[in-house]
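Participant: Have a look at the structure that comes next, please.
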Amino acid sequence: MWALVGLPLAGGAALALAGRFADRVAAAVGVGVAGAVAGLAVLAAVVRPRAEAPLLAGLPVRLAVDGLSAFLVLTVAVVTLLVLLFCAGEFAEGAARARFFGLMLVFAGAMLVTVTAVSLPVLLMGWEVMGAASWALIGYRWREPGRVGAADTAFLTTRAADLGLYLAAGAALAGAPTASLALADLPSAAEPWRSLVTAGVVLAALGKSAQLPFSFWLSHAMRGPAPVSALLHSATMVAAGGYLLLRTGPLLDASGWGAPLVAWTGAATAVALGLVALAQAELKQLLAASTCAQVGLLVLAAGVGARAGGVLQLMAHAAAKSLAFLVAGVWLAALGTERLRGLRGAARRGPRGAGPAFTVALAALAGLPPLALWAAKDMVLAAALDDSPWLYAAGLAATALAAGYGARVLWFVWRPPPDAAGATAGAGARRVPVPAGAALLLLAVGCPALAVAALPPLRDGVAAVLGGPEGTAGRAWEWV
């Protein structure tokens, strides 16, 4: 257990502090550490370890892997490994590689602490380190104009929302002075403290996941390198808020108002940011808005109690969105533009293999069968229908918008380039390095492969592992 969280944190910190002296070995060390962490994550998901160490009197550090966190540690570890494997082949030499790979490992390690924390204070430690690492990664190229300002905006916005966790901790202590601040004990706080705990948790989660009214910070975060976006949007920071809401589902239900608020906020974000994505003229900004919208469906799942659907939405979105951002980064570097009009024909011009991989990612985001996000959205919508037909209608609208912006992007990147662009096609027609190509291939395979988790009997097994029956998935008419 300690190795699972300690290896990326310690290895990442050592790389980042070594600086330029470790640049030549940074990629090998980073991928090696990430590979070891992925192996430990698989072991942890099977063994379900627990660990405890003293911190303060009556407040030990407790970490554990249960059903929910088993899926999360696997997602975080595998996506981190594939993103760093991609970076080993694509990231430029002499670009402060040690600092980059080190910060990425710390970022992932903080997320692993967050998803294995048993108590609110320990979760808060991982939560805060993750926020600080995101600031450093978004502003990684700090000498370029606007990078630091964008990092500051993202950090300060999420930091303001993070104050909700401090409110929640204080209210939990006031409502149950003898409590351990364990996440499982939060629903037992007396009123009105329980409502304050709920408000704090919801505030922090919505801020971290870039849900309304905090969605704007994710647009600024696009100033960071594409691999940072690939990890931040998929398996770490933006997913952390959705995870927290899934984890604290009993608290949301006990409050009486938390679950409906979360469900409607997720649905509203999914629709509103889907419209924003549809109107974007730049690829990375479109992908950023789509992240808010897709995570909105995860938040909706948490609000209506669709835990299995929410977990599948998180995992499937992690595969598709990390793949989309990695390919987008390749195109932006090769063609020198983020504008969709400038990327016309990018899938035809190369690099080879990038176009089909990007198509799989966008088709997944659009919810096309048999890709995993299709199955995940079906499970979430089925639970939403049981809760409210209006939530169901909002979810359907969000999925239609996802199909719209997915089709719009694919139309641009596959449309034959104009003659002027075709004359310079050779500039982009290169081969993706083998490590980067392997990462893209594995992520592309994951987009349909994860759908098997939604099919019986695996679906029922997933629901059992997560601690209860899903109860709403699998109606035949919903799969048509």
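Just so you know, the numbers here start at 1 and follow the chain as drawn.
The backbone N, Cα and C atoms fix where each Cβ goes, and this holds for glycine too.
What TrEMBL says about a protein is an automatic prediction, not a curated fact.
Marked as transmembrane segment by TrEMBL: 25-47, 67-88, 100-118, 163-184, 196-218, 230-246, 258-279, 286-308, 314-335, 356-375, 390-414, 434-455. TrEMBL lists 119-394 with the feature domain 'NADH:quinone oxidoreductase/Mrp antiporter transmembrane'.
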Participant: Sort out the residues at least 6 away from either end of the transmembrane segment (196-218), same chain, that have Cβ-Cβ distances under 8 Å to it, and list them.
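Facilitator: Non-local partners: 127, 153-154, 157-158, 160-169, 171-172, 175, 186, 189, 233, 237-242, 244-245, 248, 251-252, 254-255, 257-258, 261-262, 265-266, 268-269, 272-273, 288-289, 291-292, 295-296, 298-299.
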Participant: Taking the transmembrane segment (286-308) as the reference, which of 230-246, 258-279, 314-335 gives the largest number of Cβ pairs under 8 angstroms?
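Facilitator: Checked against 230-246, 258-279, 314-335; highest Cβ contact count belongs to 258-279.
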Participant: Sort out the residues at least 6 away from either end of the transmembrane segment (100-118), same chain, that have Cβ-Cβ distances under 8 Å to it, and list them.
Facilitator: 1, 4-9, 11-18, 26-27, 29-30, 33-34, 37, 41, 62-65, 68-69, 72-73, 76-77, 80, 83-84, 87, 91, 125-127, 129-130, 133-134, 136-137, 140, 182-184, 225, 227-228, 231-232, 235-237, 239-240, 243-244
Participant: Would you say the transmembrane segment (356-375) and the transmembrane segment (230-246) are touching, if the rule is that at least three C-beta pairs must lie under 8 angstroms and be 6 or more residues apart?
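Facilitator: These two segments do not touch.
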Participant: Which residues, given as numbers and ranges, are at least 6 beyond the ends of the transmembrane segment (163-184) yet have a Cβ under 8 Å from it?
Facilitator: 58-59, 62, 117-121, 123-124, 127, 190-191, 193-194, 196-205, 207, 247-248, 250
